[in-house]
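Before any comments, here is the structure.
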């Protein structure tokens, strides 16, 4: 009963428990670390039970253990430092180290003494040389040598002044000026004919009209007059010229077949055709005018009657550097006033119509030309109104048209189009200045996308 009461936490027989409390508690196997307290405040009996863990250390005991461990470590560290100092002291006091120090000090002292001796010897030698030079300068031979050196210096100075004055006089002579102008002219021709062709394409700083052409300066210094006897033709209006040219182009089967074959020939990427193209171009340049009289020779002869200074190579260079860039840039950028000045009326209407429609819808032209190459004179044709030269060339163009929001409406800024152009340039008989006499009579183009 007592055990049951104890397990329930309350004892129902206080007297009995008090009488045999010690015996009762000792007769039970209690858990390790448990303690029981029986008290009687007043007449009530209270049994208190508490437990403590015997295996868990207290905070103070753990702290003491840590302090002991740190002290043990410090002791080991002190012993290690002491041993290191002892070893260093033994090394410091060793005979080998003492001997090495003595040798180093002796070498250092010898070096200092040697440097001082060399310095002293140099001072003595300098003084001796100075005294010897003073003695030589005071002697007759020394004075003569000194006077000779001074005389040579004066002579050299006078010679330099004389050469300078002679150079100035030579530069003012007419012969020297003529030679200088000739050298400058040759250099300018080389820059224009060689360097200008091999360099990359550059857009003109400002698109110019024919009247603003670079040859306008030439126009001021010369007066051009028409040779009516040599010409033997009557001047006509643009509409009649264009109509005659259009009839010839549309109805002549040989002309159309020729250009169809030439376009395929020029656009071919075949290695053999490209090699043969270079060979045929060279042979044509060398032997083109040695045989029978051709229509091209008649056209060139007619041009020479009007303009005796005309040259085929110079004309092609003019097309590549001025005529083609101005017209082509005006076409892709929508510069209508430039086109109107360079083109005949019918050609201008044909080119201006799509540009005017695009501008009316608010579109913007952002196309650009990357390169112009292979400018060639294909053929010539004598028309009633005057000579017409057919010029072919290739151009690499990026075609881009954007709307008012800046979005790409047509074209692709990342795609390069290789264009093959055929232009018919007619010499304006009303314009006597050869640098502004050529106008665009007709234009034809075909395009292919360039992969590389």
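Glycine too: its Cβ is placed from the backbone N, Cα and C atoms.
Taking the Cβ of residue 128 (phosphothreonine) as centre and 10 Å as the limit, one finds 10 other Cβ atoms among all the protein chains shown. Residue 128 (phosphothreonine) falls within a helical segment according to DSSP. If you look up Swiss-Prot, you'll see 128 marked as phosphothreonine, on the strength of similarity to another entry.
Sequence annotations record features per position, and here Swiss-Prot assigns ATP binding site to 166, 167, 168, 169, 170, 171, 172, 173. Counting every protein chain shown, the number of other Cβ atoms lying within 10 Å of the Cβ of residue 173 (ATP binding site) is 10.
Look at Swiss-Prot and you will find 177 (among others) tagged as N6-succinyllysine.
The phosphoserine annotation in Swiss-Prot covers 180 and is backed by similarity to another entry.
Annotation source Swiss-Prot lists N6-succinyllysine at 217 (among others), citing a large-scale study or a structure entry.
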Residue 128 (phosphothreonine) and residue 173 (ATP binding site), Cα-Cα, nearest whole angstrom: 58
DSSP three-state assignment for residue 168 (ATP binding site): helix
Integer Å distance between the CA atoms belonging to residue 168 (ATP binding site) and residue 128 (phosphothreonine): 50
